[in-house]
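To start, the structure itself, in structure tokens.
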Ligand code: HEM
């Protein structure tokens, strides 16, 4: 009988720990949470709209490395090089927005809300504030205490992945081929350093050539903006509406004007290709917004720590 009880308790707590997140999680522990976070986020974005894409990317880079546990927010320490310091994360921006939202939340609800939850809310608010979709964010994540640069390198897909590698990378996080094509639509906003696609326009096969899958007129435009070996210039990923969350991304990809090989690669698989074709006009906007909201919720659940795992950090850049 005692053994049965033990088995029951183990199963119960295992289940409680693996519990799914809930939009009501902070209903009593921090009733004004969402208002505090959205006010803080909008204060920053109204003066610096270019922070909105940065905040979306921050959430993606958090979730793909050790799950959405705020590990991307941690600073390196004497004995540890954190995710932040790894190559793909060097261009991340917007940490100050998360810290400010966290500080404002701590004032009203000390020790209650994780940095991981705050980042998920900030990313949603950022997208919504630049005319993108709104989605209810399931909450209850806890913060991790480990952040390693080499794990960021191993888990974040680089911009030269092909479609098979992308599907594997997203699949490893429990995301589908549809999630891949939908979330890639995040590139409808924001900027990229020239160095992130320089090989594609200057030295694709080592013979001073460009990727033949890119529209030659676009290659020429990009070459004008990005001299070889340029390390400081950034270009809009969706020229013309880089600060508006819209469905333009898919028409760019369709016109062979996706900036990275990973954007172009969406044409190389039947399911992603047909999504691109179907969303290449403004008419595709509604279904893209619904899909994006659903895939963001799914991404936000990757590898989350719940129950008694991890901690609620006081300051997002350091463990308690
Ligand atoms: C599919 C695999 C992906 C690859 C290979 C990729 C790669 C990149 C690269 C190389 C940059 C430019 C970095 C720089 O030079 O500063 C970038 C920017 C960006 N990415 Fe992705 N990305 C991917 C997926 C995603 C996803 C899933 C999202 C969000 C849902 C996202 C959102 C963004 C945003 C918003 C920016 C602009 C950031 C800014 O303006 O600061 N990306 N991405």
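Sequential numbering from 1, following the chain as shown.
The backbone N, Cα and C atoms fix where each Cβ goes, glycine too.
Please treat TrEMBL annotations as automatic predictions, because they have not gone through curation.
Bear in mind that the values here come from a model prediction, so they are computed numbers and not experimental data.
According to TrEMBL, the feature signal peptide maps to 1-18.
Annotation source TrEMBL lists domain 'Plant heme peroxidase family profile' at 20-320.
Under the DSSP three-state reduction, residue 109 (disulfide bond) is assigned to coil, being neither helix nor strand. What TrEMBL lists as disulfide bond is 30-109 (among others).
DSSP classifies residue 57 (site 'Transition state stabilizer') as helix under the three-state reduction. The site 'Transition state stabilizer' annotation in TrEMBL covers 57.
For residue 61 (active site, proton acceptor), the same-chain residues lying six or more positions away in sequence with a CB closer than 8 A to its CB are 72, 83, 88, 89, 92, 152, 156. Residues or ranges marked as active site, proton acceptor by TrEMBL: 61.
Counting every protein chain shown, the number of other Cβ atoms lying within 10 Å of the Cβ of residue 65 (Ca(2+) 1 binding site) is 28. Residues or ranges marked as Ca(2+) 1 binding site by TrEMBL: 62, 65, 67, 69, 71, 83.
Sequence-distant neighbours of residue 63 (disulfide bond): residues of the same chain at least 6 apart with a C-beta under 8 Å from its C-beta are 173, 299, 300, 302, 303. Residue 63 (disulfide bond) falls within a helix when secondary structure is assigned with DSSP. Positions annotated as disulfide bond by TrEMBL: 63-68 (among others).
In sequence order, 70, 73, 98, 102, 143, 313, 316 are the residues of the chain that are 6 or more apart from residue 115 (disulfide bond) and have a CB within less than 8 Å of its CB. The annotation disulfide bond is assigned in TrEMBL to 115-316 (among others).
Here the Cβ of residue 157 (substrate binding site) has 17 other Cβ atoms within 10 Å, regardless of which shown protein chain they belong to. Reduced to three states, the DSSP call for residue 157 (substrate binding site) is coil. What TrEMBL records for 157 is substrate binding site.
Within the same chain, residues at least 6 positions away in sequence whose Cβ sits under 8 Å from that of residue 187 (heme b binding site) are 237, 238, 249, 258, 259, 260, 263. According to its DSSP assignment, residue 187 (heme b binding site) is helical. Residues or ranges marked as heme b binding site by TrEMBL: 187.
Cβ neighbours of residue 246 (Ca(2+) 2 binding site) (same chain, under 8 Å, six or more residues apart in sequence): 131, 188, 238, 282, 285. Marked as Ca(2+) 2 binding site by TrEMBL: 188, 238, 246.
Annotation comment: TrEMBL describes 194-226 (among others) as disulfide bond. Long-range C-beta contacts of residue 226 (disulfide bond), restricted to its own chain and to partners at least six residues apart, with a cutoff below 8 Å, comprise 194, 198, 201, 233, 235. Look at residue 226 (disulfide bond): DSSP puts it in coil.
Counting every protein chain shown, 29 other Cβ atoms lie within 10 Å of the Cβ of residue 71 (Ca(2+) 1 binding site). Neighbours of residue 68 (disulfide bond), defined as other CB atoms within 10 A of its CB across all chains, total 29. Note: the CA-CA distance between residue 69 (Ca(2+) 1 binding site) and residue 30 (disulfide bond) rounds to 19 Å. In this structure, the C-alpha atom of residue 71 (Ca(2+) 1 binding site) lies 14 angstrom from that of residue 57 (site 'Transition state stabilizer').
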